[in-house]
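Student: Feature table excerpt (TrEMBL):
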BINDING   His73, Asp74, His77, Glu89  Zn(2+) binding site
Amino acid sequence: MRRDPIGKRILAERPRVTDATIELCRVMPPGTFGAGYATFMGDRRFSADERPPVRFVDDEELAYVITRAREVHDFWHVLFDCHTNVFGELALKGLEFVQTGLPMTGLAVLGAQYRLKPVDRELLQRHYLPWALRAGSRCTDLMCIYYEQHFEDNLEDMRREHRIIPAPQPPQHLRFRGSKPPAKA
């Protein structure tokens, strides 16, 4: 990030992705990156404020970089049109590994794929991990995008600008079906 002008600026300014970010995006026009992000978070009832803090990292700048990687992960779901089930998360973790080289992302792919049915694991290995390698190698350095300055941008234009290859659509049984209503007390 230090070698990229935008990455360097992000490191200096240290923007954070919080629930206030989601609220800001809720007012963005349809078709924008911000609207896509707000819809993604709202449909899944995700809160940006619920992420646990980074632990066991003494270097303040490195701790911020890891925090930033966690916080922008949901932006990547939107940009790459990746679902949030185990299958979609593993595909995106594969892309993250290509992009960041963070061991935790590679280990997640190696270990968690065994939570999938054998037929789904084969689909992941034959189609989605090769997509992750291709998409992660082709796109802009995802850690050096100042996402907060692109909320009003058209989502498709943003994908083109950053050479984003959306994920292949998963089979019907692996697609997101919407969030479940909250349990009644």
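Keep in mind that glycine also has a Cβ here, set from the backbone N, Cα and C atoms.
Can you tell me where each of these features sits in the structure?
Tutor: Other Cβ atoms within 10 Å of the Cβ of Glu89 (Zn(2+) binding site) number 18 in total over all chains.
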Student: Counting across all protein chains present, how many other Cβ atoms fall within 10 Å of the Cβ of His73 (Zn(2+) binding site)?
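Tutor: Its Cβ shell of radius 10 Å holds 18 other Cβ atoms.
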Student: Suppose we draw a 10 Å sphere around the Cβ of His77 (Zn(2+) binding site). How many other Cβ atoms does it contain, all chains included?
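Tutor: Neighbour count, Cβ to Cβ under the 10 Å cut-off: 22.
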Student: Taking 8 Å from the centroid of the Cβ atoms of His73, Asp74, His77, Glu89 as the cut-off, which other residues in that chain fall inside it around the Zn(2+) site?
Tutor: Phe75, Trp76, Cys82, Thr84, Leu92
